[in-house]
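To keep things clear, I will list the structure first and then write my remarks on it.
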Amino acid sequence: MAGIKIIKENVDRETFEALAEICPFDAFSYENDKLEVTAACKMCKMCLKKGPEGVLILEEDEKVAIDKSLYRGITVYVDHIEGQIHPVTFELIGKARELAAVIGHPVYALLMGTNITEKADELLKYGVDKVFVYDKPELKHFVIEPYANVLEDFIEKVKPSSILVGATNVGRSLAPRVAARYRTGLTADCTILEMKENTDLVQIRPAFGGNIMAQIVTENTRPQFCTVRYKVFTAPERVNEPWGDVEMMDIEKAKLVSAIEVMEVIKKEKGIDLSEAETIVAVGRGVKCEKDLDMIHEFAEKIGATVACTRPGIEAGWFDARLQIGLSGRTVKPKLIIALGISGAVQFAAGMQNSEYIIAINSDPKAPIFNIAHCGMVGDLYEILPELLTMIEGPENNKDTETISIPEAIETPERMVV
């Protein structure tokens, strides 16, 4: 593993102060004239790039070159519950087809479970070249040991170059366990995936609190793993004439044995599913107090929308955590989302920027939300929202209200600002 070596003879307090000012993680300590790198270091390498010369050296393990030609194909893990395929699987198949086209690789789907062979035909209709099926009675319920063993067995036999996994409860448990077995890279919650011609998968996601978009590449190991949330990508159209085939796989029974026995499955009650909402009204710091949410809920009810929030709404205790949009919440892709008093930081934008139509209301004309909004209204939401409510209800229901004038819209090729 890479590490930072300190050239002790070139260290003094002035050097420490310079490094401490550069390091965003406060990962340097200086005691008894001794400089040390603490466990807080994230290997961002900022100190190596901008720190004093002759003080720090990057020590890296010797890299063993891997023959990437031995690994072929982009595999999508099929996430399902009792044969009901999670829609994130189809979205990943669409992205896998795009990536595979760059390097001329086939697209595979890995399906494991009990009595699920017939589901392979459904996967072929989305343009998969081959579906590998492990249909075993021991795989009826998701139990981590046998499922991880099956994925490992598949990798050993097929040698895929990349494996795309949905960021579901199952995917987040399975992918890291198997990636650790191969000591290979895994990037969680990717928002963008790109492919290099040398088959390196470029995995892009916000990092360091959303301040940068990190491009992560697994250069020296295979297979490459990543997880992606539901609604980040778009599912492809079904093909009229599927061309792929199905291969039934076998595995040693000993690998399907687990110390865990499922005694009973208790289905969770269906709760809030923000990711399926077609119209959303999202509120941010611009909402001053909880009482003001009454007006917002009234507006949302008028247009048939679900009310959601950014992280401050959760921290204030105003919303259920399942209603948060963003990196630490849900990813959504509604037909319409109206952002009220939301600045549009990367943490929030990453969870909704693929929405079909985005309307933003914010008092700051330079707010980042306007960079992704299709229509923006610059102004106080406490003035704009009542006017919108009046327009929706109609003048006959608001006889005491003065005539409302809405500023003329200035239209740009793709976006509109009011």
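The backbone N, Cα and C atoms fix where each Cβ goes, and this holds for glycine too.
Swiss-Prot names Arg285, Ile325, Gly326, Leu327, Ser328, Ser343, Gly344, Ala345, Val346, Gln347, Phe348, Asp380, Leu381 for binding FAD. Of Asn354, Asn362, the residue it gives for the same site is Asn362. Comment: FAD site residues Arg285, Ile325, Gly326, Leu327, Ser328, Ser343, Gly344, Ala345, Val346, Gln347, Phe348, Asn362, Asp380, Leu381; largest CA to CA distance 27 Å, whole number. The Cβ neighbour count for Asp380 (FAD binding site), using a 10 Å radius and every protein chain shown, is 13. The Cβ of Phe348 (FAD binding site) has Ala282, Gly284, Thr310, Arg311, Ile325, Gly326, Ile342 as same-chain neighbours under 8 Å, each 6 or more residues away in sequence.
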